[in-house]
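A short write-up of the structure that comes next.
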2 protein chains.
Amino acid sequence: MRIQKLDSRSKKNLLEDLLKRSPNQYGQYEEGVAKILSRIKEEGDNALFAYTEEFDHAKIDKNNIRVTEEEIREAYEQIDSGLVDIIREAMENIRVYHEKQKQYSWFDSKSDGTILGQKVTPLQRVGVYVPGGKAAYPSSVLMNVIPAKVAGVDEIVMTTPPGRDGKVTPTTLVAAHEAGVDVIYKAGGAQAIGALAYGTESIKRVDKIVGPGNIYVALAKKAVYGHVSIDAVAGPSEILVIADETANPRYVAADLLSQAEHDELASAILVTTSETLAEKVSEEVDRFLETLSRSEIIRKSLDNYGYILVAETMEDAIDIANEIASEHLEIQTKDPYNVMTKIRNAGAIFIGEYASEPLGDYFAGPNHVLPTNGTARFFSPLSVDDFIKKSSIIGYSREALEKIHTKIEAFAEAEHLTAHANSIKVRFEEQEG
Amino acid sequence: MRIQKLDSRSKKNLLEDLLKRSPNQYGQYEEGVAKILSRIKEEGDNALFAYTEEFDHAKIDKNNIRVTEEEIREAYEQIDSGLVDIIREAMENIRVYHEKQKQYSWFDSKSDGTILGQKVTPLQRVGVYVPGGKAAYPSSVLMNVIPAKVAGVDEIVMTTPPGRDGKVTPTTLVAAHEAGVDVIYKAGGAQAIGALAYGTESIKRVDKIVGPGNIYVALAKKAVYGHVSIDAVAGPSEILVIADETANPRYVAADLLSQAEHDELASAILVTTSETLAEKVSEEVDRFLETLSRSEIIRKSLDNYGYILVAETMEDAIDIANEIASEHLEIQTKDPYNVMTKIRNAGAIFIGEYASEPLGDYFAGPNHVLPTNGTARFFSPLSVDDFIKKSSIIGYSREALEKIHTKIEAFAEAEHLTAHANSIKVRFEEQEG
């Protein structure tokens with residue numbers, strides 16, 4: 001891996017490099033996606049089945065679009081029962097963590113009859129998109145479904161593209177069934193997003209769509225945003241490790257590689273105060289590359305977006321970490337919790353040499369759907385919050401309103417909104433008129 | 001106002017009518033907005049000042065783009081000191097309510113060395129857009145700034161278009177100063193949004209942009225979304241009143257009108273179980289229309305999007321309210337809290353005959369920036385949550401990881417992510433190898 005001194009020039013280059021990964025120019029696909037969405041909106045199921053035949057080469061109709069209990073049973077037979085046990089244990093950890101995110105309705109009352117509050121309501125229906133084929137990750141199913149489940153969503157529907165044989169990836173079915181998905185539909189791509197957003201004869205409209213997908217899915221989600229809610233449009237993945245001379249170079253190298261294997265746009269960055277560590281990590285990376293099965297992808301992503309930066313001080317290392325706002329941040333230093341207090345921007349913070357990033361991907365409990373590509377400056381991990389919404393509660397008595405009514409009237413009149421003022425005035429006119 | 005029986009046909013028509021208000025076809029402006037944004041990104045201040053001259057006909061440069069203390073003093077001299085007192089009192093109510101929304105970092109530890117948590121961090125820099133001229137509402141300044149203040153945002157910057165004389169609306173300045181805005185820039189339109197999103201020599205990039213604006217501002221916000229965060233793109237306003245025979249027809253009529261006066265796209269709907277009330281409200285509306293200053297706007301919005309619906313049962317009334325998912329919902333019935341428990345979808349719920357909607361616009365404390373046009377199905381009022389973000393915290397010891405390491409490895413391998421598995425394995429290789 002390339003080793004550079006962290007200075008203003010290398011910093012500028014690095015930040016510009018990372019921004020190149022941002023999905024900017026997809027204009028060429030937007031029109032096609034818009035057409036698919038509008039056909040789904042107008043023609044419903046007919047369009048959905050036609051697109052499924054065109055893109056997935058599968059014959060799906062209203063009688064077989066729903067995955068049956070029989071198909072789920074078959075899926076269990078096809079996967080290792082040891083994996084099912086692991087999925088269950090991971091699921092329990094994820095559930096326990098997300099339970100702690102639950103927010104509750106509250107109110108505050110005064111003895112004059114004022115009641116102010118905030119009512120928390122789970123979303124009614126949520127759609128989870130799951131990619132098909134090779135890109136199907138059971139861990140991703142769990143991470144998207146369980147927070148919705150914990151939030152108390154009434155109905156969780158899943159859509160996932162069928163293979164040519166009309167079947168769905170068995171690990172997806174098992175993970176969905178374990179996590180408590182209510183219905184699974186065989187539909188993929190922009191057409192599935194359209195069906196979830198607008199509804200068809202077979203698929204009922206949902207309130208929010210979450211889950212990863214290819215560029216068509218991402219653009220379709222963006223297009224229907226506002227009509228329904230969506231999770232953030234995920235970009236390429238990244239890891240940043242802050243380490244000092246106490247870090248284990250072999251662990252650091254292995255963790256950088258675990259992120260770099262995702263795809264060629266993935267970024268793996270080490271920022272260290274130790275030149276010795278920098279060199280040792282680079283050597284370990286080379287050593288691992290000889291044995292890892294996905295070394296080709298890894299080499300490309302490291303060439304493009306892999307960096308080892310040597311910082312003069314820990315403060316400089318922390319500054320650049322905050323500027324990059326990495327999806328995953330590992331802190332492998334003498335006093336990692338001290339460093340953590342200075343981190344403003346990161347999706348998930350892994351602390352100490354045993355908190356390696358894959359622990360968070362699969363098992364620890366916190367969500368692995370995290371803000372990417374610098375958006376940790378303002379976005380949060382997927383959470384129970386994504387599956388609830390709030391309504392303000394305002395209750396007032398005559399006594400409470402009477403004390404302030406002339407002030408509200410004056411404020412409304414200062415804004416020239418006389419009907420606003422009138423709606424307060426009218427409640428006291430008998431008295432005053 | 002038109003009175004209709006609530007049945008499946010009138011319901012369908014009404015829902016279709018309301019959707020017409022949705023800002024769908026703005027394609028014609030998008031290109032112009034994209035051009036402004038890209039010039040701001042490339043040319044910074046120069047482009048910003050050129051656009052300000054072109055659109056606002058004001059000469060602004062790097063020496064006068066910031067509102068000075070002197071200008072703020074002048075603004076105070078131009079507005080009624082009584083209004084300042086009212087603003088202060090409203091502000092205190094808003095602050096107290098929003099304080100209750102604060103979320104805190106938490107963690108959970110186990111004696112094996114596991115620490116899982118969630119760190120809450122306020123956004124660093126937030127931009128508040130405030131329209132100029134007639135559309136400048138001091139109440140809107142308070143509602144956008146105070147939640148950011150309560151969240152602990154480091155720096156709140158405001159942009160607002162200057163008049164031809166290079167001055168800014170005095171009530172905006174006073175409200176901004178009272179609410180604690182750090183800097184106010186004289187810039188408006190899509191060019192101001194571009195400056196906040198990308199930064200220029202004079203204006204530093206922010207993490208999130210909030211606040212209302214015209215169609216150019218709305219499209220610019222949508223275009224920069226992802227590069228920064230934004231609040232929801234606000235649509236036209238609406239009120240829905242659920243009332244039974246115990247409601248005061250004069251109050252109900254006045255409240256419907258207070259919403260209808262906003263603009264011609266505003267919608268005011270009464271759903272009642274009482275035919276007598278329906279008729280009386282309609283009469284009161286006519287009576288008020290003779291005296292209200294904005295009766296022309298009100299007539300148009302009532303003609304287009306005003307309805308009185310007579311429902312057979314309270315359950316039917318509640319169902320339609322949940323389908324419409326109104327921005328403002330008033331409940332004026334015998335047992336309003338009972339009705340409230342059945343409301344799923346509404347931005348703010350006003351309970352009882354003294355909780356008239358303008359009370360919430362100005363004074364009660366809850367935010368008046370609410371989800372419009374049916375988006376209360378999945379969006380929430382603007383709140384302190386909009387100005388914070390979260391990072392997951394994952395700390396593990398060797399002991400904690402050792403218990404589960406083979407399971408994580410198996411899960412990663414099931415997903416064919418071998419470098420993920422390797423990053424766990426490497427931590428136990430000495431022991432096992």
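Including glycine, each Cβ sits where the backbone N, Cα and C put it.
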Notebook entry, point to check: Of the candidates B:HIS177, B:HIS227, B:HIS328, which does TrEMBL annotate as part of the substrate site that also includes B:SER237, B:GLN259, B:HIS262, B:ASP361, B:GLU415, B:HIS420?
Noted result: B:HIS328
Notebook entry, point to check: Could you tell me the C-alpha distance between B:ASN214 (NAD(+) binding site) and B:HIS328 (substrate binding site) in angstrom, no decimals?
Noted result: 22
Check: Taking CB atoms only, which of the binding-site residues B:GLN191, B:ASN214, B:SER237, B:HIS328, B:HIS420 fall under 8 A from chain A?
Finding: B:HIS420
Notebook entry, point to check: What Cα-Cα separation, expressed in whole Å, is found between B:GLU415 (substrate binding site) and B:GLU327 (active site, proton acceptor)?
Noted result: 44
Checklist line | Residues within 8 Å of the B:TYR129, B:GLN191, B:ASN214 Cβ centre (excluding the NAD(+) site residues themselves) | finding: B:PRO131, B:THR159, B:PRO161, B:GLY188, B:GLY189, B:ALA190, B:ALA192, B:ILE193, B:GLY213, B:TYR216, B:VAL217, B:ALA220
Next item on the list: Provide, as an integer number of angstrom, the distance between the C-alpha atoms of B:ASP361 (substrate binding site) and B:GLU327 (active site, proton acceptor).
Entry: 12
Checklist line | B:GLN191 (NAD(+) binding site) and B:GLN259 (substrate binding site), Cα-Cα, nearest whole angstrom | finding: 31
Next item on the list: For B:GLU327 (active site, proton acceptor), find which of the binding-site residues B:TYR129, B:GLN191, B:SER237, B:HIS262, B:HIS420 come within 10 Å, Cα to Cα.
Entry: B:SER237
Next item on the list: Fewest other Cβ atoms within 10 Å: which of the binding-site residues B:GLN191, B:ASN214, B:SER237, B:GLN259 wins that one? Let me know.
Entry: B:ASN214
Check: Minimum Cβ neighbour count within 10 Å among the recorded positions B:GLU327, B:ASP361, B:GLU415: which residue?
Finding: B:GLU415
